[in-house]
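A.B. asks: The structure's right below; bear with me while I get my questions together.
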Amino acid sequence: MEAEKDSGRRLRAIDRQRYDENEDLSDVEEIVSVRGFSLEEKLRSQLYQGDFVHAMEGKDFNYEYVQREALRVPLVFRDKDGLGIKMPDPDFTVRDVKLLVGSRRLVDVMDVNTQKGTEMSMSQFVRYYETPEAQRDKLYNVISLEFSHTKLEHLVKRPTVVDLVDWVDNMWPQHLKEKQTEATNALAEMKYPKVKKYCLMSVKGCFTDFHIDFGGTSVWYHVFRGGKIFWLIPPTLHNLALYEEWVLSGKQSDIFLGDRVERCQRIELKQGYTFFIPSGWIHAVYTPVDSLVFGGNILHSFNVPMQLRIYEIEDRTRVQPKFRYPFYYEMCWYVLERYVYCVTQRSYLTQEYQRELMLIDAPRKTSVDGFSSDSWLDMEEESCEQQPQEEEEEEEDKEEEGDGADKTPKPPTDDPTSPTSTPPEDQDSTGKKPKAPAIRFLKRTLSNESEESVKSTSMPTDDPKTPTGSPATEVSTKWTHLTEFELKGLKALVEKLESLPENKKCVPEGIEDPQALLEGVKNVLKEHVDDDPTLAITGVPVVSWPKKTAKNRVVGRPKGKLGPASAVKLAANRTTAGARRRRTRCRKCEACLRTECGECHFCKDMKKFGGPGRMKQSCIMRQCIAPVLPHTAVCLVCGEAGKEDTVEEEEGKFNLMLMECSICNEIIHPGCLKIKESEGVVNDELPNCWECPKCNHAGKTGKQKRGPGFKYASNLPGSLLKEQKMNRDNKEGQEPAKRRSECEEAPRRRSDEHPKKVPADGILRRKSDDVHLRRKRKYEKPQELSGRKRASSLQTSPGSSSHLSPRPPLGSSLSPWWRSSLTYFQQQLKPGKEDKLFRKKRRSWKNAEDRLSLANKPLRRFKQEPEDDLPEAPPKTRESDQSRSSSPTAGPSTEGAEGPEEKKKVKMRRKRRLVNKELSKELSKELNHEIQKTESTLAHESQQPIKSEPESENDEPKRPLSHCERPHRFSKGLNGTPRELRHSLGPGLRSPPRVMSRPPPSASPPKCIQMERHVIRPPPISPPPDSLPLDDGAAHVMHREVWMAVFSYLSHRDLCVCMRVCRTWNRWCCDKRLWTRIDLNRCKSITPLMLSGIIRRQPVSLDLSWTNISKKQLSWLINRLPGLRDLVLSGCSWIAVSALCSSSCPLLRTLDVQWVEGLKDAQMRDLLSPPTDNRPGQMDNRSKLRNIVELRLAGLDITDVSLRLIIRHMPLLSKLQLSYCNHINDQSINLLTAVGTTTRDSLTEVNLSDCNKVTDLCLSFFKRCGNICHIDLRYCKQVTKEGCEQFIAEMSVSVQFGQVEEKLLQKLS
């Protein structure tokens, strides 16, 4: 042998032949499967002239027909009118199917010649389908593309009768259907029998041999394009026996089954025909032209014996599970349970299933986090306070998203036989009256007749036909008759399920006691054996689910994580504001009237567009602009609804109108208020909304409320805002002189009116003309705006009624502290300029109109001014509003007589408060505009040096601005810190925003801007000066680095004081070395000004814990903080934290996501996985959190799945915080310290306090960690002190550990 090896001889290796059952043997089968009959002959033959198919019209095909005829004969409808069918547009093609179900969706394709199945992607099949007929090598046929839960689903609607009889819609638990997310028919992911909607795509020449649809299902079949030819064989016992023999013979290709039976019918279906094939009918199909067909399969209660017979045939012919009806016997159990429940009101479902299906009252918890401050503005399609007609309209809106159960008509009776009038959980067999909470829940969930239903369930009446063994409370006041077909079906189901062996009964988990259920069905059959078949034909299904409404959800679900303080305060307000209600659609604005856009993230989530349907939100473009109070809202004081329609006097109308406070959320009549010394602030942007006098008197302020659709209103075609702008522009073009004269006469006219009538007149005139309530300058065209500015600057004169005031000086409208802090900036103003600004503002305050409106009015209007309008406190009537549209600020400049001194003080105090508020809104919106429009500009330009002599905004440009020039409002940055950085700076040391030096731009970019061919980047910012210039021009003896050494010893509060000294110190004190850590912990509101301040300081550590920061804000921040290393986001929402999943996330060292709402294993996977939004050139496929050293995960609902991700993606992890994680156990620690894991050697500190599943065993796993120094097991109930002492003793050989506290182990130095 050695010689043979050395000789270099190589023997040939012989591989053993391996056989694969999936091996393609199509070449062999092509020879074997040669058809033994001529298909062309069968198409021309006159032998198949049976008359089984009945032609009908859609209007005659209703549920009453089903109860009478039981769907036993084939039906053809030459027109789909009256059937309730919905189909795509006529130009819909197979290519559109691919777009809607996904080009990568795998479909089962049948090779017609070999009758062998294979798989293709939709993209591949569409390419084949569009290939010319002459170039097709083979004939492929798609007959099993189920498209539920895809975008195609809601373009196709089944016949109404099919929805009413389908077991899937009416028997299968609805909450299981809602859990279905997988669009394919993978059995492992299937939550219900997914056979409702199929798309069949066949090319010319395709032939499907004789077959019976799986499970004995009936079939609806609509020829959308092309045509079909059917051969039909009735399911007699003889024919079924022949069929079974034919299938088992294996000679299907040799024998045409239609020739073996007594009678067979051939029928041709043309384009637009709808066909119904009953259960058990044997049929073959030929495609004469390329066709596109939509159809579906159903099981129903009117031919159950045939359905069971076909299922048994499938058992005997050994049909593969892939081609059978899924969950067949499970469905049978649910059918029995639903019939028993709807007839006797006794449920055999588990308690959990009953709660899910609204059959009993779910336990409701009261939580301080139950309501968010914006919940009164939540606009959902199924609002819980809709009027009955509004509910119908909303159900029509939701019709395409719902299933057949949602379309099931409710029985006309008000008795317990109605599935919607169900007994509560605590109602027992003795007829005990339900508890009050259950009654309240029923009242919330039932319709207008619910009171009678509750009475009927709580006080049952005796009936002679009480089902045997049924409690007295379950007796219906009106007997429900079952058809003979249903009775036969129920009997067949009971016999079949009883005959099954235990291992094949397939009892679903929702059935609590299957044997008791069978007995209950037998009792029902005994009681209904004498039912009148005529009375059973009612046209109404016996079985249907209770309609789910929005009341099943928590009404005030918070949108984001609230801080504890705000949550508690909100709950207190909730208890006092009993009349608070969720607002509903106005149904008048353009947003309410339009259809879904199909493009926004809410639309993409909807089931009708192929999404999972989890968000339950309406389209962004359909969010109401002006949501109204629901009809159930009543006054908190008198308990009555709004009665403004009962009077004609305008002042009386307002006093009887319901107003909702945007701060305390109380709904009240203004006339019912006892507080008269203060004034309310009416919100023009939202109907029936104000800041009530009580909150205003207490000095509370709230965020301006608007309808959720207001910010999208300008995008709506034909929106109200666009119409207002066009109308306003037309009026300005036609009547400029008339408006000016009206403005001049307005103060005189109003000063003569009675003071008490001023509020009502002004309010209602402006309310009636909605055009003036929502005037927004940012929707104007840029050329109109610039032209108007030029005209107003030329026309300004001391005597004119309308003067230009681009922005009031900051010091004039702010508090004394703010004015003192602005001294430095005011000194930079030119001598005459400051006086001119103050004179103008004083004149506008002292005129007669202002005194009347501020001193005598109980109410005032406030509006959010657009970015280029000024905050205005003096209210204007319609005439002054019209004049204001021609200039940024319009108002009478003539001074009136001085009023009483007290009124003057009150007026000035309110004026300052309002201007402060408006100014803050102005600056916030300006920065929001910058965030959206120029993301990178602000970070660079905000650090540009401040000019030695800034100009006041009152200076107009000396030449008109061309359209291509767009001045930048933030080109100088924001000097000082935002006032909201209160935790770092303190209440008394907030630096002011400086006066803007250039006029604001229009909101939309000028149309004549020509796009550059190359990227234009901003110039680099100039470095801060090295020395401090003095008044005489010389430089201070101490240079910048010396000053920086001094500044490093100052607190952030002191730095803010220094920033107000001069421009040089302002820039020096903003150096990032002085702001390595910024703490905004528990800050109530994160504003754009605060974000800009953070960006300017470039911190290394940022604490945003327990704030309401949004995803957009956090994304904007992390894009501009490349040096950020420590980020604290504890208590925020997952929506905000998900901003870290982007490729722009900095390489953090410390990440704190403790108590983040909604952060679970799936979210951890998104957080730790490599980002998918890499920019061109970014080839790094590693996690952006790979440098994490310290990770805090306390209070999260995570499991070992997340720990595996941590081990994989965080090789440097040293400190891990897992306290209050209830799923962490000893196995989790074993996983962290296993051989080969990076955490075994890198972990130094682990916090497992309050992890109740951790035991002493975990300590033995920690022995593997070579660098462990700190183990916190405090408050772990299953960890003992003895176990800790044993760990210390065993570790003492190599490392000395001690118990600093009980169960707190620390390495001793």
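Even glycines carry a Cβ here, placed using N, Cα and C.
Pulled these from Swiss-Prot:
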BINDING   THR208, LYS228  substrate binding site
BINDING   HIS211, ASP213, HIS283  Fe cation binding site
BINDING   CYS586, CYS589, CYS592, CYS624  Zn(2+) 1 binding site
BINDING   CYS597, CYS600, CYS603, CYS619  Zn(2+) 2 binding site
BINDING   CYS635, CYS638, CYS661, CYS664, HIS669, CYS672, CYS692, CYS695  Zn(2+) binding site
COILED    916-944  coiled coil
COMPBIAS  905-914  compositional bias 'Basic residues'
DOMAIN    1032-1078  domain 'F-box'
MOD_RES   SER26  phosphoserine
MOD_RES   SER447  phosphoserine
MOD_RES   SER450  phosphoserine
MOD_RES   SER470  phosphoserine
MOD_RES   SER924  phosphoserine
MOD_RES   SER948  phosphoserine
MOD_RES   SER952  phosphoserine
MOD_RES   SER991  phosphoserine
MOD_RES   SER1004  phosphoserine
REPEAT    1106-1127  repeat 'LRR 1'
REPEAT    1251-1275  repeat 'LRR 5'
ZN_FING   579-625  zinc finger
ZN_FING   632-698  zinc finger
A.B. asks: Measure from the Cβ of CYS600 (Zn(2+) 2 binding site) and count the other Cβ atoms within 10 Å, all protein chains considered.
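C.D. replies: Total other Cβ atoms inside 10 Å, all chains included: 19.
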A.B. asks: List the other residues in this chain whose Cβ sits within 8 Å of the Cβ centroid of the Fe cation site residues HIS211, ASP213, HIS283, in sequence order.
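C.D. replies: Near the Fe cation site, beyond HIS211, ASP213, HIS283, sit THR208, PHE210, ILE212, VAL219, ILE277, TRP281, ILE282, ALA284.
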A.B. asks: Please report the distance from the Cα of THR208 (substrate binding site) to the Cα of CYS664 (Zn(2+) binding site), rounded to the nearest angstrom.
C.D. replies: 69
A.B. asks: Taking only the binding-site residues HIS283, CYS635, CYS661, which one has a CA atom nearest to the CA atom of CYS619 (Zn(2+) 2 binding site)?
C.D. replies: CYS661
A.B. asks: Please list, for the repeat 'LRR 1' (1106-1127), how many residues fall into helix, strand and coil according to DSSP.
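C.D. replies: Split by secondary structure, the repeat 'LRR 1' (1106-1127) comes out as 9 helix, 2 strand, 11 coil.
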A.B. asks: Write out, in the order they occur in the sequence, the residues of the chain not among CYS597, CYS600, CYS603, CYS619 that have a C-beta within 8 Å of the mean position of the C-beta atoms of the recorded Zn(2+) 2 site.
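C.D. replies: Here the nearby residues are GLU596, GLY598, GLU599, HIS601, PHE602, LYS604, ILE620, MET621, ARG622.
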A.B. asks: I'd like to know which of the binding-site residues ASP213, CYS635, CYS638, CYS661, CYS692, CYS695 sit within 10 A of CYS589 (Zn(2+) 1 binding site) at the Cα level.
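C.D. replies: Hits: none.
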A.B. asks: May I ask for the distance between HIS669 (Zn(2+) binding site) and CYS597 (Zn(2+) 2 binding site), taken between their Cα atoms and rounded to an integer number of Å?
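C.D. replies: Computed Cα spacing between HIS669 (Zn(2+) binding site) and CYS597 (Zn(2+) 2 binding site) is 38 Å.
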A.B. asks: Given CYS600 (Zn(2+) 2 binding site) and CYS692 (Zn(2+) binding site), what distance in Å do their CA atoms have, once rounded to a whole number?
C.D. replies: 36
A.B. asks: Measuring Cα to Cα, how far is CYS692 (Zn(2+) binding site) from LYS228 (substrate binding site) in Å?
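C.D. replies: So the Cα of LYS228 (substrate binding site) lies 70 Å away from that of CYS692 (Zn(2+) binding site).
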A.B. asks: Taking the Cβ of CYS695 (Zn(2+) binding site) as the centre, count every other Cβ atom within 10 Å, in any protein chain shown.
C.D. replies: 21
A.B. asks: By a 10 A CB contact count over all chains shown, which of the binding-site residues listed here is most packed: CYS592, CYS597, CYS624, CYS661, CYS664?
C.D. replies: CYS661
A.B. asks: What is the number of other Cβ atoms found within 10 Å of the Cβ of THR208 (substrate binding site)?
C.D. replies: 18
A.B. asks: Have a look at the binding-site residues CYS638, CYS661, CYS664, CYS695 and say which one has the shortest Cα distance to CYS624 (Zn(2+) 1 binding site).
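C.D. replies: With Cα distances computed to CYS624 (Zn(2+) 1 binding site), the winner among CYS638, CYS661, CYS664, CYS695 is CYS661.
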A.B. asks: Suppose you look only at the repeat 'LRR 5' (1251-1275); what would the mean pLDDT be?
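C.D. replies: Over the repeat 'LRR 5' (1251-1275), the predicted model scores a mean pLDDT of 93.
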A.B. asks: Taking DSSP as the reference, which of helix, strand or coil describes CYS664 (Zn(2+) binding site)?
C.D. replies: coil
